[in-house]
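Read through the structure below, which is laid out as structure tokens, and then see the notes.
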Amino acid sequence: MKTENLVIIFLCFIIFILIISLMINKKNKKKKEEKLRKEKAEELERLEKQKKEEILKKERIEKEKNAKEIFKKLTLKIDILNKKYLKLTSLDDYLNEYKVKEYQNEYNEIYETWKSIEEHKDIFLSEYNEYLEKFDVCKLEDSQVKELNEKYVEKELEENKDFLSNVDGKSLDEQQRKAVIIDEDNNLIVAGAGSGKTLTISGKVKYLVERKKIKPEEILLLTFTKAAANEMTERIKNKLKINVDASTFHSLGMRLSSYFEDDKYEVLDNPYKYLNEHSIIKVLLKKEETSNAFIDYINYYTKDNITEVDATFKNKGEFYDFVDNPVPISESLKQILYNSLINFKVLYFYENKKTDEFNFNYCINLFKKTNMNKKIRLMLESLWTNKLTITTSEIEIIKEYIKDKELKYETKEQLYEFLFHVTIPGYDKIFKKITVKSEEERIIANFLYMNGINFKYESKYRDGNYETPKGSYSTIRSYTPDFYLPDYDIYIEHFGVDSDMKAHQYTDIENKKYEDNMKWKREIHELNNTNLIETYSFYHQQGILKEKLEEMLLARGVKFNHISKEEINLIIEVGSGKEETNAFIRLMITFLTLFKSNNYKLSKLEEFRDIAHSYSTFLRDKHLLFFEMFEAILNFYNETLQKKKEIDFSDMINKATDHLDEKKKDEVFQLGLRYKYIIIDEFQDTSVARFKLVKALKDKLNDCKILAVGDDWQSIYRFAGSDISIFTEFEEYFGKTETSFIEKTYRNSQQLVDIAQRFVMSNPNQIKKNLKSDKRLDIPIVYEKTNLKNKDEVVYEILKNISKEYNKKECSVTILARINENLRKLGFSKIFKVENNHKDNKLQISFQKKYNLKNIKLDCKTAHGSKGLEADEVILIDVNDNIVGFPNKIIDDSVLFYVLSNADSYLYGEERRLFYVALTRTRNRTFVLFDENYPSIFIRELFDYEDKTLDEYGENRICKACGSHMIRRKNSTNNEEFYGCYHYPKCDYTEPLDKVYTCPICGSRLLKSKYEKNTYYCNNYKRGNEKSHYKTFIDEED
């Protein structure tokens, strides 16, 4: 057993040894295999590395080879760039943006390429550093460009000193010379009135052609009118002998359209040919929706809902200036019907050659030929009672009018036109229409009238028999509530307060008085048991005045009987010609012109309507009504153009622009359009459509420069589509711009310049200028008071004095007015004759033979028509305070914001510029005439500048209630004079008359100094006669 065990143990040992041996062998084999694998991997890695190194070596060699080639090319480019740099910096030319950007782009391209070879710089040795230094020199910074251009301008000014001293025989001033030499891509010359814009343009053209060797056919001169184009032609073609292309925008658009289209069509210059009062009214009357919209608009929305508590106004007086004297529609209609009576008398006398049998039945039978209704007949009977006799004075007026006239009216339209729209010269308007105190009261009055609710305005409360509260303050006069409804014994009071029931337009003291007054009125009604409805200014602000009034009236059992469609149509037809209607027509045409100038389509109105819903209730309703009418007018206008096979100016310009946008540069070049300069005169009058045309043309021409010349202070053609923001924000529209100023005026005196520029710059939304003149004139503006009866005599007296001053020397005098109607009224007098010139359909004025002044060359223009013209002396008439006065109070309307890119938000912004234009037409004096009872707010502002007063030469009194000025009034009972607020009856504040002091030398009333207590001075002393007139201290306590 032992031996067997040993054998077994031995065999196990052997087996163990064999196993261990096998394991060792396997491990060694694995190690060997691992070693072989590792060696193979290392070999592969070595081979891969070697391969990569060979590739990298090849790439490096290739890159170095490429770098050498690139560097070689770069050296050539840098050499060329260096030459360009030397040329650019040699002051041989102005560095404009196009040229600079082209150069800087080239520099930046080289710079990026240079960075790509920078890692191989060692292979280039010293050559690399040489060209790096050379390249660094070529860098052109914007600050360097500015400095170089300044040096260039200085050099050119010196080298062209003599050249620019003889442009059409005239020498350019320093600012004009700089404007001529500066040559940016886009150039704006901001010029003052009378500063020589045309001379500057002539100098620019002469400089470009004769000094810079620009071909005349490479210059396009653009103007807005044929007259301006003809003037350019005369100045440049005929006098300078340079054959440039002087064109109007109209002719340019036509020429461009002819290049792109085969269709032939006529271009309508003036939309007024188809859009006038009669055509627009006719369109609006076709549909009930538009006729209702029109009557609502005229009744309630002619003005925006600015109320007396609005923050726009510094005081209540400023609000009164804004609102004018609102007239309810019922009163306007009465006035028109009353004044038409003379026209009935004219027809009767013309047909019967007698006066004794003229009666009401004749008028009614004549009226039946039109659309008379019962309401109008009753109104006529009440108005014409005791006025049906043809008086002796009327006979003379009638005879003068019918002389050489044939008065036959075959259609009702012709009869309407004569009866209600023809003004008989010399006939005084006797009917005294009732005015209300605010636009809110006008809305209330119109609302009551349109709903057939009888009312009285400011009638005595209970005929003066009523009980007053205990301790009632004695200053309350006989109580006259705003409105009384006699059929319902209801009173309406409208209070000018905000939602907190405060009158913020007043001082704290006056506000307290107003609150006491409100309380007193409420107590009166409560004490006397009468029914009072209260409305407030904040209702109007929120656009809920009519809704609130209707709600309160219905709650008190008032029956509404809205006037019929026939009555509405009659009111519209008879009322056409009214100031509000005429102003609405102008607004509608202005909106249409701007709408089409922007190239808007009818679908744009839907976008406008969406925007309108984001506004207040009042503005939303106002704008939606306007769009309702505008859509009908636009459709009528476009359909008329289509029938006549015409397009209007805006369409023509827009079509030309669209064609240019579609063409490539080479296609435009092939058409022969190779302009290098586009020079535009009177650029402040440009429209969006004209801007787009110019921009499209410039963009299709290589290195074409724009030169725009104008004066934003004279931007007055918004109604024709002009947009002042294109001028004031010129760089935003065109790109990099250099702006020059020419501020020396050769027309006006420095004294007039100082007044006029201070006046126009009250509007901060304009470019600031500092105009200077070498002329001096002590009194550049002469103010004259007038009234309805003596205006022609005042004008003639001025003309006689001018005639004497000029002795036998001829003197040009231009009479200016805000509207043609004011000029025509001068022709109603025995002194002047005003008639249409059949050649241009413009008014011309002359003396009647008996009053002729031989050395006076007389002319008349509207303020708009005077733009660009001048005269030795200017007479500006009717600077009065009314809705179509100066300023015209309906010009600035919120609805225009939809079609103006950046509407001028300043109150009467464009009217202020128009007044500036009128003031600056004179080479000597401007005589400014205003109604002594209704002076314009512009007059009062100018008086403030010159330390004058409206009572010419009395104390400068300010109304302590509303902040307006005070004038002398007379008590109708005892004829005693006193000071009363100018805005009576809106403001009834009064003060007693002070003692009057006079100059012992000349007898003139002494003026009270605003700066020295108790100091008075003679008006003549104020004008410089210190030695011969009077200034004194008066102790007013004595």
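Using the three backbone atoms N, Cα and C, a Cβ is placed for every residue, glycine included.
TrEMBL entries are annotated by machine, without manual review.
These come from TrEMBL:
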- 6-25: transmembrane segment (TRANSMEM)
- 22-64: coiled coil (COILED)
- 170-749: domain 'UvrD-like helicase ATP-binding' (DOMAIN)
- Ala191, Gly192, Ala193, Gly194, Ser195, Gly196, Lys197, Thr198: ATP binding site (BINDING)
Specify all same-chain residues, apart from the site residues Ala191, Gly192, Ala193, Gly194, Ser195, Gly196, Lys197, Thr198, whose Cβ lies within 8 angstroms of the center of the Cβ atoms of the ATP site, ordered by sequence.
Thr200, Asp711, Ile742, Thr745, Tyr746, Arg747
I want to check the contact list for Gly194 (ATP binding site): same chain, sequence separation of six or more, C-beta distance under 8 angstroms. What comes out?
Thr745, Tyr746, Arg747, Asn748, Glu870, Thr920
I'd like the Cβ neighbour count for Ala193 (ATP binding site), meaning other Cβ atoms within 10 Å of its Cβ, all protein chains included.
26
For Ser195 (ATP binding site), the same-chain residues 6+ apart in sequence with C-beta under 8 angstroms from its C-beta are Ile742, Glu743, Lys744, Thr745, Tyr746, Leu771
Lowest local Cβ density (other Cβ within 10 Å) among binding-site residues: Gly192, Gly196:
Gly196
Taking the Cβ of Thr198 (ATP binding site) as reference, which residues of that chain separated by at least 6 in sequence fall under 8 Å from it?
Glu231, Met232, Arg235, Asp681
Write out the long-range same-chain contacts of Lys197 (ATP binding site), meaning residues 6 or more apart in sequence whose Cβ is under 8 Å from its Cβ.
Ile189, Ala191, Asp681, Glu682, Val709, Gly710, Asp711, Ile742
Give the mean pLDDT for the coiled coil (22-64) on the 0 to 100 scale.
80
Counting every protein chain shown, other Cβ atoms within 10 Å of the Cβ of Ala191 (ATP binding site) number 33
